[in-house]
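A.B. asks: What TrEMBL records for this protein is below:
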type   : residues : note
DOMAIN : 1-57     : domain 'Ig-like'
DOMAIN : 75-161   : domain 'Ig-like'
DOMAIN : 189-252  : domain 'Ig-like'
DOMAIN : 258-305  : domain 'Ig-like'
Amino acid sequence: MKYSWVFNGHRSFLQQDTRRFISQRTGNLYVAKVEASDVGNYTCAVRNMMTNTTVFSSPTPVVVRRDVVMGEYEPKIEVQFPDTLYVSKGSSIKLECFALGNPVPSISWRRADGNPLPGKIKINHSTGDLEIPYFRPEDAGMYECVAENSRGRNAARGQLIFQNVEHLQWTQILKDAHMAIDANLQWECKAIGKPKPRYRWLKNGQPLTAKERVHVDAGRLTISTIRLSDSGMYQCVAENEYGSLYASAELKVVASPPDFTHRPVKKSTVIQRGGEVVLECRPNASPRAMISWWRGGELLRNSKR
């Protein structure tokens, strides 16, 4: 999935800069130091990279109160990476960091252990993202995002841990999932090793325990009747006395009102008297929409016909 936002119905997507940030983990749009030019309608666009289709939300208006003037204040970090991330050799990792504040905070990155940032690191100075390609053991450590303006500074830290995979090997890993509300999810990971590995699960770096809708059976995780709160980064951990192996995947829960853009209802249908007709009503919606039909202001009910 890729998240974008449209401002006032413009054909082009809203461009990110030091004031505006779109999280690709949550889809949220953040605006630091709102200005008069930000007043208008905002529409979220979600693109499915597998099917190359885009779904749009209903517009959300933003209005600036003229009777209140926001004073200057120190940075407040709204988007940050998990406290702990396990990264396998050769993979790429992207860390998000964004702060609200007035004046608009600047974002910088450093290693908390005092070591210099690897030269291969890519930092997007417009959005504040940090990306580490081709992760190696020497890239592991504590990373710190610093947000700063004239009123003060704030920081967020996270530990990147290199996986030891010499005595373990995955035979089945996880894939990112994009699910509708009320759907059911099942993930399964499998690893081989000697001794035989044990499994446990993490969500956003914290231990995941079985409860009402969440069931854990070794390397199998099942979440029934998915809710928005289930969104997040999940990790399956396979471990034995020689080390641990981590498989990561993100669960994005999609919620959208009924939309007839891609499957519009026909404006007119010609039929013969005494014939049969089927009128289709198949909007895109998450969760699944409840369908009703009206004729001339009267609600239609099931009958023999």
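Note that Cβ sites are derived from N, Cα and C of the backbone, with glycine treated the same way.
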A.B. asks: For the domain 'Ig-like' (189-252), provide the mean pLDDT of the predicted model.
C.D. replies: 90
A.B. asks: With helix taken as DSSP H, G or I, strand as E or B and everything else coil, how many residues of the domain 'Ig-like' (1-57) land in each class?
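C.D. replies: Helix, strand, coil within the domain 'Ig-like' (1-57): 3 helix, 25 strand, 29 coil.
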A.B. asks: Going by DSSP, how much of the domain 'Ig-like' (189-252) is helix, how much is strand and how much is coil, in residues?
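C.D. replies: Summed over the domain 'Ig-like' (189-252), the classes give 3 helix, 40 strand, 21 coil.
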A.B. asks: Using DSSP, how many residues of the domain 'Ig-like' (75-161) fall into helix, strand and coil, respectively?
C.D. replies: 3 helix, 47 strand, 37 coil
